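Heads up: the structure comes next, in structure tokens.
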4 protein chains.
Amino acid sequence: MCGIVGIVSTEPVNQQIYDSLLLLQHRGQDSTGIATADGAQFHIHKGRGQVREAFRTRDMRALLGTMGLGHVRYATKGDAANEREAQPFYVNAPYGIILIHNGNLTNTRELADDLFHKDRRHMNSASDTEMLLNVLATELQGEVSGSLDLDPDQVFNAVRNVHERVEGSYAAIAMIAGHGLLAFRDPYGIRPLVLGRRTAGLVGDEWIVASESLVLENGDYEIVREIAPGEAVFVTMQGEMYSRQCAANPRLVPCSFEYVYLARPDSIMNGISVYEARLRMGDRLADTVARYAPLGDIDVVMPIPDSSRPAAMQVARKLGVEYREGFYKNRYVGRTFIMPGQAQRKKSVRQKLNAMGSEFKGKNILIVDDSIVRGTTSKEIVEMARAAGANKVTFTSAAPPVRFPHVYGINMPTRAELIAHGRKIPEIAAELGADHMIYQEVEDLQAAITEGTSIEQLDLSCFTGEYVTGTVTEEYLDWVERTQLS
Amino acid sequence: MCGIVGIVSTEPVNQQIYDSLLLLQHRGQDSTGIATADGAQFHIHKGRGQVREAFRTRDMRALLGTMGLGHVRYATKGDAANEREAQPFYVNAPYGIILIHNGNLTNTRELADDLFHKDRRHMNSASDTEMLLNVLATELQGEVSGSLDLDPDQVFNAVRNVHERVEGSYAAIAMIAGHGLLAFRDPYGIRPLVLGRRTAGLVGDEWIVASESLVLENGDYEIVREIAPGEAVFVTMQGEMYSRQCAANPRLVPCSFEYVYLARPDSIMNGISVYEARLRMGDRLADTVARYAPLGDIDVVMPIPDSSRPAAMQVARKLGVEYREGFYKNRYVGRTFIMPGQAQRKKSVRQKLNAMGSEFKGKNILIVDDSIVRGTTSKEIVEMARAAGANKVTFTSAAPPVRFPHVYGINMPTRAELIAHGRKIPEIAAELGADHMIYQEVEDLQAAITEGTSIEQLDLSCFTGEYVTGTVTEEYLDWVERTQLS
Amino acid sequence: MCGIVGIVSTEPVNQQIYDSLLLLQHRGQDSTGIATADGAQFHIHKGRGQVREAFRTRDMRALLGTMGLGHVRYATKGDAANEREAQPFYVNAPYGIILIHNGNLTNTRELADDLFHKDRRHMNSASDTEMLLNVLATELQGEVSGSLDLDPDQVFNAVRNVHERVEGSYAAIAMIAGHGLLAFRDPYGIRPLVLGRRTAGLVGDEWIVASESLVLENGDYEIVREIAPGEAVFVTMQGEMYSRQCAANPRLVPCSFEYVYLARPDSIMNGISVYEARLRMGDRLADTVARYAPLGDIDVVMPIPDSSRPAAMQVARKLGVEYREGFYKNRYVGRTFIMPGQAQRKKSVRQKLNAMGSEFKGKNILIVDDSIVRGTTSKEIVEMARAAGANKVTFTSAAPPVRFPHVYGINMPTRAELIAHGRKIPEIAAELGADHMIYQEVEDLQAAITEGTSIEQLDLSCFTGEYVTGTVTEEYLDWVERTQLS
Amino acid sequence: MCGIVGIVSTEPVNQQIYDSLLLLQHRGQDSTGIATADGAQFHIHKGRGQVREAFRTRDMRALLGTMGLGHVRYATKGDAANEREAQPFYVNAPYGIILIHNGNLTNTRELADDLFHKDRRHMNSASDTEMLLNVLATELQGEVSGSLDLDPDQVFNAVRNVHERVEGSYAAIAMIAGHGLLAFRDPYGIRPLVLGRRTAGLVGDEWIVASESLVLENGDYEIVREIAPGEAVFVTMQGEMYSRQCAANPRLVPCSFEYVYLARPDSIMNGISVYEARLRMGDRLADTVARYAPLGDIDVVMPIPDSSRPAAMQVARKLGVEYREGFYKNRYVGRTFIMPGQAQRKKSVRQKLNAMGSEFKGKNILIVDDSIVRGTTSKEIVEMARAAGANKVTFTSAAPPVRFPHVYGINMPTRAELIAHGRKIPEIAAELGADHMIYQEVEDLQAAITEGTSIEQLDLSCFTGEYVTGTVTEEYLDWVERTQLS
């Protein structure tokens with residue numbers, strides 16, 4: 001998971017990109033980078049950790065120019081601390097291109113081979129972003145004609161060829177030196193990308209593309225639309241905007257996990273308010289709870305702060321049970337220092353959550369979480385509730401059981417580590433130590449997200465094991481798990 | 001406002017102090033410091049900003065020893081970035097003493113004079129902590145006898161003399177090289193300090209003192225008791241604990257603002273659960289609302305995350321109105337970089353809070369905040385609610401109007417900057433742009449905090465202008481405001 | 001002026017490259033960089049200042065691999081602190097190439113145009129090294145055939161084309177990812193580059209190329225030979241060495257300034273011992289002194305430490321006058337800090353040199369310097385000698401008057417700033433405040449350097465104004481001076 | 001060995017102290033520190049390594065004030081990297097005192113005991129400087145009277161008591177907050193300290209004290225005189241200078257090693273020009289060489305750069321043999337990085353010195369070094385000369401055999417590590433691999449240094465084993481060697 005933003009402005013963009021990345025920080029905190037274009041010259045700064053740690057005044061001052069892009073990264077594979085994988089990436093031929101990307105390519109083995117053997121392009125990292133950039137560069141090279149100009153058609157032809165070579169999820173933003181900013185989204189629109197415009201008086205239009213709409217709203221940009229699946233948008237350095245559908249058979253299949261957990265609730269994504277989708281998840285989860293749980297057994301409904309609050313609030317309201325916040329979330333996290341001669345101590349969830357005794361003592365508690373992946377945190381939460389004096393503990397998840405890997409850009413453990421992989425629901429309850437365990441139904445999740453829209457399909461692969469891109473086979477999943485572990 | 005912790009353990013304390021400071025981080029984020037005692041040798045490391053920024057592995061490795069103390073600092077006066085003011089402070093005679101302190105001395109002008117003229121002690125900062133340390137050092141010097149030993153009586157005599165020389169609020173922890181850890185609290189117990197013990201098998205007892213009880217709970221310490229007003233506790237390096245009442249007329253008058261805003265809800269302070277005190281503030285605020293507000297006018301009750309949630313939840317429950325979370329809090333804050341030739345841009349509250357449109361549209365909203373100081377944030381919140389489509393906005397505060405400075409260790413603006421200073425409540429409503437404005441009554445705040453305890457008096461000075469220590473006169477407040485501004 | 005080294009080894013090369021750069025540090029102290037190849041993956045680290053400041057342990061640990069190259073840089077143009085200009089440079093297509101370079105290209109205006117318009121290659125700096133790399137990359141791209149292999153012939157063809165496109169001085173080392181290390185020298189061999197070999201037992205040969213032979217000697221490499229003018233050497237990652245003459249009309253015209261000042265005395269360059277060349281400069285300067293100066297007027301001969309010692313020693317010996325070291329060189333230099341409200345203070349040569357009074361008092365001094373460029377230091381030295389009590393001061397230079405810019409890789413001021421530009425020798429003496437001024441003759445310098453070798457021509461352009469590459473016209477020099485100043 | 005400087009000026013002193021430390025940098029490169037007094041407030045900054053590494057702009061800007069002192073440190077004992085030992089040291093009672101010190105106390109065991117038991121003063125390091133400061137502080141405390149003023153007599157009384165408690169060598173500079181700058185020297189004047197004055201127009205006098213006179217000369221100060229053995233000088237912040245002899249039986253016994261090796265040749269120390277003393281050492285060494293060596297066997301005389309040049313030049317002149325510089329000194333030193341799985345490699349002297357072949361080939365060489373301590377470097381130099389083709393090698397030392405530890409402030413190995421300890425001269429020659437070995441005679445060294453002065457005695461203890469302070473017994477030397485090694 002990553003967050004991306006690109007801006008073509010009429011004034012310096014460094015602070016605006018920085019502010020946008022702060023608003024996208026929840027999408028990744030492992031590393032971050034900004035690149036700007038000052039005429040034909042690029043300026044890049046990358047750093048580890050969060051935005052506010054990575055950029056100092058002198059870094060910001062060097063990021064000159066009125067066009068730029070920025071990235072926050074949650075390491076999807078490999079070592080989070082590997083600076084080699086930090087985005088943006090740059091190639092100098094043709095033209096000079098800088099690219100950032102949210103998503104995950106699923107045919108990297110073929111791509112690596114082709115880029116090495118056919119295109120003679122050197123990959124200096126294991127990053128699929130570097131591959132995507134080089135495929136784009138190769139295809140743009142093929143469009144180079146005698147004329148010096150680069151017209152939008154050439155750019156769009158290159159993106160069309162990229163769609164043909166690359167599989168997986170990708171929402172990408174690139175800068176072409178001296179020419180403009182390019183944004184494109186995979187033919188299924190799995191990862192989000194939204195386009196905005198702001199009118200800068202007489203000077204002309206300013207354009208923004210970003211992972212989430214709240215970035216636009218915060219910058220006083222008007223939301224123009226989502227970039228369509230397969231579509232490419234090219235904005236020249238002078239602020240002229242061109243767009244074209246570049247995919248053969250585009251079809252919108254957005255990632256359901258954005259609505260479950262990833263996105264900020266105040267974002268609108270593919271026309272759906274994330275906050276309201278979460279409220280609807282709560283409504284539908286309440287129905288399932290009512291079907292399966294002895295309601296007399298529930299005294300209070302409690303969220304795990306912060307992400308499950310909207311769903312929990314609706315569960316409480318619909319069940320007519322009181323909503324209480326019994327868990328306090330500690331905002332400040334630190335490190336465990338390995339002293340010479342000491343073994344690593346495990347940080348427990350107690351460093352992050354604390355239970356307010358009076359809300360638990362003698363009560364039957366229904367806990368609402370947004371989703372359950374490994375289950376280790378959930379297990380500690382149940383223990384914490386019991387230690388605080390809870391009588392019965394019903395654990396619920398606003399998302400269905402996660403039983404398969406997510407290969408489209410979200411870091412997930414191997415199948416064997418998923419608590420729901422190969423377990424029935426009562427077995428999961430036993431594993432967590434809960435009295436009852438209730439999950440959202442897959443159909444309910446789909447309906448809660450798409451209600452009132454024309455969206456027909458969602459990527460629900462981590463719940464169902466059905467992957468929309470053909471290359472994701474059992475053999476592929478085995479390979480991913482092997483290479484992730486090595 | 002600061003957070004402090006001190007530990008006498010049977011094993012290295014560096015990680016334990018670090019973890020404790022993370023749990024106290026909400027009490028101060030301007031600077032932090034840890035000191036440890038390795039036999040008679042002290043190790044100190046201080047740094048700017050939050051705990052996780054200030055300590056690197058090599059800093060931690062150098063903090064050897066089984067006794068230590070730590071501090072997080074919220075600059076009460078002067079420049080937050082002034083490293084000279086960072087705690088702990090050290091003097092090498094007599095014995096070698098390191099001290100940290102939460103609170104604020106109110107007779108610093110007299111102290112500075114005495115220390116310079118009578119005691120010939122050099123202050124190398126404007127910090128009242130350095131003064132407190134030097135008063136303690138002078139008084140300990142007076143106790144030095146022919147014998148080499150330092151017995152607890154000598155230490156307690158020195159603290160008794162400190163109480164006589166010093167006025168204001170102070171919860172302090174000190175280490176005396178080669179001897180032990182000393183903790184003491186001012187005769188009114190204005191600032192909190194709690195004592196805990198953990199039995200380390202056959203090895204003996206381990207002792208902790210900290211600003212808040214959750215530090216003890218998290219470290220699996222048993223809560224022994226609050227350090228009493230005027231009391232001193234001395235724990236030798238071997239883990240023997242001694243205590244004595246060192247003040248002439250001790251009387252518990254704890255700071256009410258701890259319950260309103262400062263302390264973590266999962267702390268128990270002077271026997272009062274902070275969380276439950278806040279729930280009771282909500283109950284009593286609901287009564288006041290019911291008295292003054294046309295209830296038909298209220299569709300939903302909303303907290304300002306995070307601190308007003310408990311109160312807001314009770315307001316909603318008691319009024320029988322729906323509780324909704326319409327504001328989303330952005331966790332990631334960054335900086336505004338001043339580029340050459342640019343003017344400073346003001347960061348608005350919109351960087352920190354965002355409104356969820358659907359919760360506001362066409363509704364009458366009752367907003368609950370924990371307290372209102374300058375009012376600038378509240379004003380922006382009202383604007384944000386209106387921009388999101390709210391119909392009527394009632395703004396309420398779980399604390400009474402703040403009309404006077406807080407001189408006991410909380411950074412507050414000058415009187416002229418307090419929105420409630422010299423304004424009647426309808427004038428405040430007008431200033432904020434709210435339709436109604438409702439404050440907690442002072443008596444209700446007192447009752448909400450002390451209900452079910454034997455505590456007779458609270459420090460409510462910032463609401464009432466009545467200061468428990470005699471030195472706080474009009475002339476003093478004028479002087480503080482002058483020197484703060486210069 | 002820069003120093004370069006490249007190694008193909010059988011074991012990790014990072015420390016060896018680091019040690020080599022320390023030995024080349026006198027050739028440049030503005031920035032430094034090392035790149036290594038670990039199989040097909042490159043690792044790069046660059047930093048400001050000297051080698052020992054720029055590389056920390058973690059930087060070194062990341063420089064994995066058995067092939068590598070390193071660079072120390074003396075900024076020839078532009079801002080020394082501009083990290084954008086720091087070498088090595090990298091392009092990822094074709095193959096992945098990293099290049100470093102000592103020298104200066106004189107047709108950069110044409111190259112920039114061609115690379116932008118014809119080759120669509122983006123230059124992200126003003127560095128001629130980036131241009132040289134991109135010309136090489138373009139030419140290698142032209143050699144890419146259907147086969148995956150890269151044979152030495154393809155590499156040599158590319159270098160041949162580089163020679164045809166590029167003018168100026170260049171000794172360059174490149175790594176081609178997965179293939180090997182390439183070293184080549186311009187068709188006049190203006191800048192030095194020497195090849196060495198070390199036999200690593202059964203494992204095979206190890207190869208080194210470096211700016212100066214002492215690097216080879218120090219690493220126990222056998223000196224194989226200078227890389228010939230126009231020649232290219234390609235060493236595969238397996239240690240097989242190939243070489244070919246790639247220039248149409250190669251002719252050795254080495255830079256005379258290496259012998260005058262740049263190179264370390266313990267290096268052998270183009271078969272000439274630098275130390276002995278300097279001794280011969282002293283012999284010949286002595287003859288000139290004997291011709292022009294009243295010998296009775298000279299009591300002692302003195303060098304300016306460190307570089308003029310060999311020449312001075314020979315002047316003394318041949319004139320039969322005593323050799324004394326009256327100037328002490330301070331090794332430690334620091335900065336002038338601009339405090340707010342202060343003007344910049346000028347650091348005088350007195351921070352670097354000090355005069356030993358007893359060696360000057362009442363004596364007639366003959367001072368030997370290696371060369372005189374601006375003359376500001378020389379003037380201060382004369383003043384210092386007089387202040388120390390010298391009677392008469394004769395100032396001599398082991399090199400002829402510098403009257404023209406050096407365009408082949410040595411940073412020189414504009415013509416107007418050269419003390420000898422447009423001045424006759426007595427005018428220079430007057431300007432410096434010396435009683436006599438004696439310069440080496442151009443023919444003597446040439447003879448001193450080339451004596452006993454078959455070298456027919458030297459680059460003496462800064463003394464004569466005759467440039468061996470045709471592009472250096474009056475118009476070019478004007479352009480260089482204009483752009484240097486802007 | 002350390003270098004110290006203190007200044008009372010009429011303008012900010014930070015840059016002046018920084019520049020002075022650069023000139024003293026040869027006296028210590030392990031750490032450095034500056035303290036300034038801005039009225040009664042002190043500012044301190046310390047750092048590792050050389051001056052130019054330790055001070056950044058923001059550090060310098062914080063060093064406000066017109067009075068200040070600075071220190072460069074060569075670790076005499078313990079871990080060079082131990083920041084705890086870095087000077088200056090500070091105590092806050094009485095008055096606030098900051099102190100720096102060059103030398104070594106020899107009764108630290110007694111002092112530590114007294115300070116702990118009698119004075120209740122905490123030492124937070126093993127530094128004898130911290131002890132010296134605390135003894136001074138205790139004695140000043142004893143002088144505190146009813147009156148607020150501190151008159152020079154009180155200060156001088158305290159210094160008198162310090163002389164009675166402390167043994168060893170010490171040249172010290174202290175600042176007393178709000179009062180002035182104090183400089184004093186031990187009763188034997190073992191370590192140097194010189195006083196200078198500069199008239200600042202109408203504003204008044206400026207005063208400086210420093211380890212070496214060249215600092216004064218460089219800052220345009222007039223040399224007033226050496227601080228006498230046992231004397232104290234006190235300069236008020238207003239620039240009034242007071243001085244008094246504070247020792248009972250002062251007697252000048254300066255350290256001979258300053259003249260042999262430590263001091264810069266352009267300094268004048270105790271009225272003796274260091275440069276000329278070294279010339280005289282050469283003259284006298286030449287006589288000894290003439291007595292013992294077959295002169296026909298010597299073709300050239302060669303120095304080891306840089307410190308033995310003056311002596312070597314005189315040896316050559318007096319013997320009538322040619323002087324040649326066959327060794328080149330590399331100025332740039334770096335580190336050996338320990339890579340995982342690698343063993344530490346030993347850096348040989350070849351990293352620092354290189355031999356110019358033509359000066360050695362077939363010749364009989366007489367090498368002059370300033371002194372020989374461990375002999376490891378000398379041995380490598382002999383090997384290097386032979387490898388370069390030398391025929392016979394005569395090794396000479398301008399100082400006598402070093403056979404005993406130096407306890408007065410110069411870091412020396414234990415006796416067992418001294419090559420001359422327990423070896424006769426032919427055995428040393430054999431150990432070094434030299435054909436002949438000739439040392440200066442002790443009487444000649446004494447005469448060379450003191451010639452033309454009234455100085456009757458020198459500290460020659462490391463050559464003779466006779467220590468001027470009584471506490472240095474065999475038992476003491478054993479203890480020092482034990483604790484140094486542990």
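Quick reminder: no glycine exception, Cβ is built from N, Cα and C everywhere.
Under the heading active site, nucleophile, TrEMBL lists B:Cys2.
The Mg(2+) binding site annotation in TrEMBL covers B:Ser307, B:Asp369, B:Asp370. A coil conformation is recorded for B:Asp370 (Mg(2+) binding site) in the three-state DSSP classification, outside any helix or strand. Sequence-distant neighbours of B:Asp370 (Mg(2+) binding site) (same chain, six or more apart, CB under 8 Å from its CB) are B:Val260, B:Tyr261, B:Arg278, B:Ile304, B:Ser307, B:Ser308, B:Ala311, B:Ser397, B:Ala398, B:Ala399, listed in sequence order.
Among the features that TrEMBL reports, domain 'Glutamine amidotransferase type-2' is placed at B:2-238.
When Cβ atoms from all protein chains are considered, those within 10 Å of B:Ser307 (Mg(2+) binding site) total 21, not counting its own. B:Cys2 (active site, nucleophile) is surrounded by 27 other CB atoms, counting those within 10 A of its CB over all protein chains shown. In sequence order, B:Ile304, B:Ser308, B:Ser378, B:Ile381, B:Phe395, B:Thr396, B:Ser397, B:Ala398 constitute the residues six or more apart from B:Asp369 (Mg(2+) binding site) in its chain with CB-CB distances below 8 Å. Residues B:Val260, B:Tyr261, B:Pro303, B:Ile304, B:Ser308, B:Ala311, B:Val368, B:Ser371, B:Ser397, B:Ala398, B:Ala399 surround the recorded Mg(2+) site, their Cβ atoms falling within 8 Å of the Cβ centroid of B:Ser307, B:Asp369, B:Asp370, which are themselves excluded.
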